[in-house]
Amino acid sequence: MPRKFFVGGNFKMNGNAESTTSIIKNLNSANLDKSVEVVVSPPALYLLQAREVANKEIGVAAQNVFDKPNGAFTGEISVQQLREANIDWTILGHSERRVILKETDEFIARKTKAAIEGGLQVIFCIGETLEEREANKTIDVVTRQLNAAAKELSKEQWAKVVIAYEPVWAIGTGKVATTEQAQEVHSAIRKWLKDAISAEAAENTRIIYGGSVSEKNCKDLAKEADIDGFLVGGASLKPAFVDIVNARL
């Protein structure tokens, strides 16, 4: 069975109530490719609003979640709180949280486990820095990040994961991995899934690409065998996000 193409829009810390509603209403009314799963991820303050405005075909994701169910964790949001708000997805492991907030592979893996066990699906982000790529360590880095998750998750739980490969050097920089570079890493990730998890996980897990995805480069990237969609940053705030969702039309 072919993997369902997946396009996520990560609004990051951008927008306000009005713009969030406008972006989602634009998606609601657009002629979107029906074979694509679309998920938007606004700032936490607008999650409830996004879920109320978005039609049922559009998923809504938190940009983060904590690994404890409740308690004295100022500023954090629990899995149960997100589920009560009818949020089905969360992004975890984004490079901005790895780099700026010093989140470790192990902490991200624990959060991934807590999210899945609590009923969320996870967009699990991995990727290398420019230094790591230039040192030919790309596969080592993404494998290390994946291995941390593999220690926490059962083989069955990978069915709740979408892997997002985002080379750090391409996020928000305008630099984009070539289609060949992206496909090479996606292929290596799929091989890792087969070797470390199962043949079924390798066949069914969606591996999406992020890093300066735009309406200009999405069609070529979408043609690659192991690229199952996109995690879009800045372009998800613009009308061109519709073109990215429709990359395969």
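Placed from the backbone N, Cα and C atoms, the Cβ positions cover glycine too.
According to its DSSP assignment, N10 (substrate binding site) is in a strand. Listed in sequence order, the residues of the same chain lying 6 or more apart from N10 (substrate binding site) and placing their CB within less than 8 Å of its CB are S41, Q63, I91, H94, G210, L231, V232, G233, S236. According to Swiss-Prot, the substrate binding site annotation covers N10, K12.
Residues annotated as active site, electrophile in Swiss-Prot, with similarity to another entry given as evidence: H94. The number of other CB atoms found within 10 A of the CB of H94 (active site, electrophile), across every protein chain shown, is 29.
The annotation active site, proton acceptor is assigned in Swiss-Prot to E166. Cβ neighbour count for E166 (active site, proton acceptor): 26 (other Cβ atoms within 10 Å of its Cβ, all protein chains included).
Taking Cβ-Cβ distances under 8 Å and a sequence separation of 6 or more, the neighbours of K12 (substrate binding site) in its chain are P43, Q63, E96, G233.
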